[in-house]
Amino acid sequence: MDNALKAEVLIESLPYICKFQDQKIVIKYGGHAMVDEEAKSWIAKDVVLLRFVGLNPVIIHGGGPEINKAMEKMGKEPEFIHGLRVTDEETLDIVKMVLIGKINGDIVSKLGKYGGKAVGLSGKSGHLISARKKIQYIIKEDEKIEVDLGRVGEVDSINTELIDILLEKKYIPVISPIGIDSQANTYNLNADIAAGDIAGAINAKKLIMITDVDGVMDDINDPSTIYKKLTISQVGEMIDKGIISGGMIPKIEACVNALRKGVDSVHIINGKIPHSVLLEVFTEEGIGTMITRD
């Protein structure tokens, strides 16, 4: 890249740096970018740069593949119902060990390596995420049946004061999706859904979902079929038609939830693309799929 092109890239970012100055951006960190060392580095660099140019990033991370590996090592078979992990007491201990004990610390360390002041938290920290047991239903033979997911929860409320205090002091909160109720019961939370709830609660400008796909596509195997922009009503129709299916549905539902709670836009991007977070935030064309209100 010659000097003129480098300068052009920097100049292109200027209006977006101004536009998002002091704004909160929630990043749901998941997928391949969590296990690939090179991807871990460029995601960390992206987030630290956001902080240094005046944005307020908040990370909430998943860890499904690593939880599955840990369960298999301990002789437990992962079980899912509608994309949610069935979580008995032993599974909950594994989830906490992996999310809080390993992944969260790894992310904090990586951000620190590149100059970021990161603080690792779980939803239990200062009652950051108050939760309740999730009631789940399935349709079986045209009958609605309640199923027990165990220690799976859903968000009741977010302690926004704690997040705001950290952001005011220029820290980057890194949050594990573990919730707690008033009786000190602990719950495993879907990270996508928790990210949407947090984004809405703290009045984030953007929610960025880091995934393993380029965005929402007609054909998952054909990147040219990507939708650059969608609205809430459009994604609803796409779910009904089966265009959006499987594990993408909870992500889209989390996106819609965030938008309905006041987030301006949600972006589904591919974490396998180098510096995809910066490309989304600081370029005119952006990257991935953007979803907005109608």
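Positions of Cβ are set from backbone N, Cα and C atoms, glycine also.
Since we're looking at a predicted model, the values are computed, not measured.
What Swiss-Prot records for the substrate site is Gly63, Gly64, Asn188, and among Arg85, Arg132 the residue it adds there is Arg85. Counting every protein chain shown, 21 other Cβ atoms lie within 10 Å of the Cβ of Arg85 (substrate binding site).
Around Lys251 (site 'Transition state stabilizer'), the same-chain residues six or more apart in sequence whose CB sits under 8 Å from its CB are Asp192, Met209, Thr211, Ile268, listed in sequence order. The two recorded residues, Gly63 (substrate binding site) and Lys28 (site 'Transition state stabilizer'), show a Cα separation of 11 Å. Of all Cβ atoms in the shown protein chains, 31 besides its own fall within 10 Å of the Cβ of Lys28 (site 'Transition state stabilizer').
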